[in-house]
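Visitor: Pulled the feature table from TrEMBL, pasting it below:
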type	residues	note
BINDING	C65, C69, C72	[4Fe-4S] cluster binding site
BINDING	C109, C142, C202, R272	[2Fe-2S] cluster binding site
DOMAIN	47-277	domain 'Radical SAM core'
Amino acid sequence: MDLLNTLVDKGLRGESPTREEALAVLATSDEELLDVVAAAGKVRRKWFGRRVKLNYLVNLKSGLCPEDCSYCSQRLGSEAGILKYTWLKPDEASKAAAAGVAGGAKRVCLVASGRGPTDRDIDRVSKTIEAIKEENEHVEVCACLGLLSEGQAERLRAAGADAYNHNLNTSENTYGTITTTHTYADRVETVHQAQAAGLSACSGLIAGMGESDEDLVDVVLALRALDPDSVPVNFLIPFEGTPLAEEWNLTPQRALRILAMVRFACPDVEVRLAGGREVHLRSLQPLALHLANSIFLGDYLTSEGQEGKADLAMIADAGFEVEGTGTTTLPAHRAAGAGTGCGSACGDAPEEAAHAAEADGRARTDLVAVRRRGAGTDLPPNA
Ligand code: SF4
């Protein structure tokens, strides 16, 4: 396929596709899926070999958020039956982080619900970062605390944070339909603040919220322009009790096409397969390792992932290897400037049949399990 040859050539040179080319990747048929995965896989291997970086989430503060992000089980008015708790103490967070590191995680992501941290919250998180680094000198720490105020990114950097995550989530055009309590511009500004403070920026998206192909390409190209070091790709987990509970729009094939498009658009950037992979990729998860070079180990913020041991077995079975602490994740040209481096077509109706496996909107609530172990509970974490 000319399109794929062009995109491989561009990706190997570190160049992004045009908007039209990115849209064309999303429009490929299920028949072409393995060709698309193989092509984007060449780009992935050029920049990241067969390494998979493991990241581990610690939810420092869960639920009770005053913001109204429609996709989020922790939002204002959420009726999802998630764990709700206030700030973990530094030693509790450090213990949770240690479990992830022992499981093979190279980066720990410290996340807190809320619009953004107060200066007192920055103090707490700084102490937590110090406690984690004391125990695990080489672990990368990424903070994800919402919108930052002036000077807060610098304080996190001084406390030892390596990276800051703040996702754009969806296109600028549709942002107002997903969240009304803050704006897309607010989010862009926080990513800029993190970069200006010398933190490795991590910013990504959520697919499956009812967006169009154009929206997906817009947000991915906006991310490319923002130039984060890592791009997490989430697939919506439609939590019961949230406004998007009925949005079951993704198939495993569609999820792979989205990941391939992100890889082509961000060839030399850490593309992280994030929340929702078990729910939407299901048995095709191993194919996604040919596209993403990074995944979360174990559980997510408010939902359970597959067992950490199953993640490790999947990586080994698919012929990939867990990236060690002695290896720099990003290609040399990027790492230098970053923190520490954050139904096949049938004959007569090909158009309609090309996406025959497109989601039928049937809810798979059986695949969504609320997290009941690890941080905020007395039970051991999944790592
Ligand atoms: S995504 Fe963050 S800011 Fe939005 S509702 Fe959830 S916890 Fe609050």
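Keep in mind that glycine also has a Cβ here, set from the backbone N, Cα and C atoms.
Source: prediction; values computed, not measured.
If you look at the structure here, what lies around each of the features I listed?
Guide: Long-range C-beta contacts of C72 ([4Fe-4S] cluster binding site), restricted to its own chain and to partners at least six residues apart, with a cutoff below 8 Å, comprise C65, S78, T242. Taken residue by residue with DSSP, C72 ([4Fe-4S] cluster binding site) is part of neither helix nor strand, so it is coil.
Proximity of C109 ([2Fe-2S] cluster binding site) to non-local residues of its own chain (separation of 6 or more, Cβ distance below 8 Å) is seen for N55, Y56, L57, V58, C142, A143, C144, N165, F296, given in sequence order. DSSP assigns C109 ([2Fe-2S] cluster binding site) to a strand.
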Visitor: Enumerate in sequence order the binding-site residues C65, C69, C109, R272 whose Cβ-atom distance to ligand 1 is under 6 angstroms.
Guide: C65, C69
Visitor: Taking DSSP as the reference, which of helix, strand or coil describes C65 ([4Fe-4S] cluster binding site)?
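Guide: Where C65 ([4Fe-4S] cluster binding site) sits, the three-state DSSP reduction gives coil.
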Visitor: Cβ neighbours within 10 Å, counted over all protein chains: which one of the binding-site residues C65, C69, C142, C202 has the most?
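Guide: Result for the most crowded candidate: C202.
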Visitor: Provide the number of Cβ atoms within 10 Å of the Cβ of R272 ([2Fe-2S] cluster binding site), excluding the reference atom itself.
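Guide: Within a 10 Å radius of the Cβ of R272 ([2Fe-2S] cluster binding site) lie 23 other Cβ atoms.
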